[in-house]
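Chemist: OK, TrEMBL features for this one:
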type	residues	note
DOMAIN	A:8-415	domain 'TRAP C4-dicarboxylate transport system permease DctM subunit'
TRANSMEM	A:12-34	transmembrane segment
TRANSMEM	A:95-124	transmembrane segment
TRANSMEM	A:136-159	transmembrane segment
TRANSMEM	A:171-192	transmembrane segment
TRANSMEM	A:213-232	transmembrane segment
TRANSMEM	A:238-254	transmembrane segment
TRANSMEM	A:266-291	transmembrane segment
TRANSMEM	A:311-341	transmembrane segment
TRANSMEM	A:353-378	transmembrane segment
TRANSMEM	A:398-420	transmembrane segment
Ligand code: NA
Ligand code: NA
């Protein structure tokens, strides 16, 4: 039976059925065959409705909307200009500036793709014009963009919270230190690998002027994080505040909201949102039939009764995530594997908040590993002349850093969980 | 803590007598889903129920348990039971009240002043009438599993009388308790269970209502200072079976299930009282400021909650009134 | 064939309207939640409806917008094979996967309607203060399912005609 589902899934995905519908269709077949025939099919709308019947989920479309508004707002350009005036004279200075922008934007946006697009659109032409080699630039952006899901707010963390019932607020806090640390490691590596390029320093008045212009972009993370931790709004509600603020910035400060832009913003939000949510629906249907047939339970039983250390199981889980990450998109991986992995992790006595951070770093890795890596595609979209292989090679050193970073988190779980106790 | 799970053939009551022989059962696999943590006393009772049924039928009647929301969460449980998505499920009376409005009686403030009275009501006409109503919609009730009384936790001030609620924002569950919160002058807030802890901590909300067992489990003591023990609602969970499925079961299996359920129901009821006492004590030890509303004040609290009674009568109609009268006539 | 291209365009537009409606639902959700924040934090008056209605709106945004996402080719798929086979084979693969999508959408629409009818019969309501009859938000599923059926049908038509669905 497990073979039927695994084989069916592989076949449907391979012939190009969208992930959401491959999951749903296979679940429907399973419900009919193994779960009471037509009675089983009656469960489809019940489970599909339940998949989205959760207030936490409602922040997802708002984060997508906010990303789309910011993409049109010009806030990315101002941030980049500011960062480059402060950092361009250092070794690999524009690389540092780009990463800092990725970090700031990551603290506004919940998505890695949005981060890579918004900063990439500005940084790629500027950096290549300044003599940075294309491979390094594209790799830097592919990796820097992934910070979007580790530094809060984060869509995968919201999904993790929604599937497992862990507090989204705690997950966000847990992402702060690892997010900043990973950013710092990226910066150290970028500066070293691009050390032969330095620019003329900007004057102090130029620096301050750049900062003043970028003030709206800089205010946004303050507003979102400040609003959450002062209790003005919950992590779920923060998305609505972010949308309203970015509308004000895009509409009033940058005057970029034309009717044509609004229509584009709305429709691309709908397409992305429906894609994400329907994968959640499909995965919920799929995991209903699997659970009903006791497949995840059997796997948990097996994994937790293996006569090996729990760290061997941990390494196996990471290998599984690495392999899945090559072929699947992150939301799908999360919602398909969590119902199986979460009980294993908690049964083995690992901290579920810490494990969430491990998963998110794995998802960052998935975004830049071929053949299916969303950030790779996004950068190819910004710079169509660049072959995917070039972007992959540019991002490879950062992928190695991410793997080492997972090991670091395994040795020092306090990096993820330490801050939670202090934020009181 | 408390007593061990119900079990051991010796504990089988009078009606379980014939069922004690394991011969002659028809093979059946019954899927049972619930959405409570596995160490909760209701969960422990339900797990023991499943185990005992399987054992006493010599493994013929197998109850396959899906714990802790693994298969179904509380929101879609009822529909899944009614459409045969699972054969059996445990869900709160509050959620059943969206199908059978009369089921809202357990949320009516101060309708069940004592544990004994709740037990008597459920084994008497109140239980029978509710069961009949459930069967009309397609579910057979096997057991009423007591969760315990609902209380209030908050971080602003001790709530010693209804007026103290004025201006507070309190996370609420279900519609009748919300009307009561409004009647006391507070504002009911709706948010997901996963957000409550942080909302309390960050003062996004001032308080929340639930049983003390849940408060201990969700660590409310860390984020709210005051606990008011007022026993305003007697939270009830139902073990329900799809009616069509039930009717098709052989009488011998039905008898076994009924007898084992009755025995479990009694165990859970005793346990509920015990757990309420213990968890209130735990919250006190963890530093919460506990105020127990004296019995002499209860009429005042009940009177102020009148709009919630009216709300129940509005949604549950004549049957609701009949049931409330029945409860009040129990001595 | 004039009526056919008229019908095609009309259905395509219907799906686009679904997309716009889904977008409006997301905007409305943002408005409701922002109102909730302001009303609660500035005026100490949380609403009793924002959370619940947002959930319905977001359910709508997914199901009503899913068909538009099919037409915009936004649903994530693995296109490894699609990119590495001859054009004729690719066309067949696209037709088969659209038909499989159609198969699920049909089940989704049909059993969605059954579900709505049952909720009406049983008189299911939400357990909140609003006491919304559940068949209203549940209706979004079969409506979305019907739009999805149409979207996959149009995909099949596109592939047969070698139109815009031709690229992977
Ligand atoms: Na982020
Ligand atoms: Na990948």
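Each residue, glycine too, has its Cβ placed from N, Cα and C.
Tell me what's around each of these sites.
Modeler: Note on the transmembrane segment (A:95-124): residues 59-60, 63-64, 66-68, 70-71, 75-77, 79-80, 83-84, 86-88, 132, 136-138, 140-142, 144-155, 158, 179-180, 183, 186-187, 190-191, 194, 217-218, 220-221, 224-225, 239, 242, 246, 364, 367, 374-375, 378-379, 381-383 of its chain, located 6 or more positions outside it, place their CB under 8 angstroms from a CB of the stretch.
Residues 56-57, 59-60, 63, 95, 98-99, 102-103, 105-107, 109-117, 119-120, 123-124, 127-128, 168, 171-173, 175-176, 178-180, 182-183, 186, 190, 193-194, 224-225, 235-236, 238-239, 242, 276, 280, 330-331, 334-335, 356-357, 359-361, 363-365, 367-368, 373, 375-376, 378-379, 383, 386, 390-391, 393-399, 401-402 of the same chain, all 6+ positions outside the transmembrane segment (A:136-159), place their C-beta atoms under 8 angstroms from a C-beta of that stretch.
Within its own chain, the transmembrane segment (A:171-192) has Cβ neighbours under 8 Å at 90-92, 95-96, 99-100, 102-103, 106, 136, 140, 143-144, 147, 150-154, 157, 160-161, 228, 235, 353-354, 356-357, 360-361, 397-398, 401-402, 405, 409, 415-420, 423, counting only residues six or more beyond its boundaries.
The list of residues near the transmembrane segment (A:238-254) in space but at least 6 beyond its ends in sequence, with Cβ under 8 angstroms from a Cβ of it, reads 59-60, 62-63, 65-66, 69-70, 72-75, 108, 110, 153, 216-217, 219-220, 223-224, 227-228, 232.
For the transmembrane segment (A:266-291), the list of distant contacts is 5, 19-24, 26-28, 30-31, 34-35, 43-44, 47-48, 50-52, 57, 60-61, 64-65, 68, 155, 159, 297, 329, 331-332, 335-336, 339: same-chain residues at least six beyond its ends, Cβ to Cβ under 8 Å.
With a threshold of 8 Å between CB atoms, the same-chain residues lying at least 6 positions outside the transmembrane segment (A:353-378) that come near it are 112-113, 116-117, 120, 141-143, 145-147, 149-150, 154, 156-157, 160, 164, 166, 170-171, 174-175, 178, 182, 318, 321-322, 324-330, 333-334, 338, 341-342, 345, 388, 391-392, 395, 398-399, 402-403, 405-406, 409-410, 413, 416-417, 420.
Remote same-chain residues near the transmembrane segment (A:398-420) are listed as 139-140, 142-143, 146, 170, 173-178, 181-182, 185-186, 189, 311, 314, 318, 351, 353-354, 357-358, 361-362, 364-365, 368-369 (criterion: CB distance under 8 Å, separation of at least six residues from the stretch ends).
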Chemist: Over the span of the domain 'TRAP C4-dicarboxylate transport system permease DctM subunit' (A:8-415), how high is the average pLDDT in this prediction?
Modeler: 90
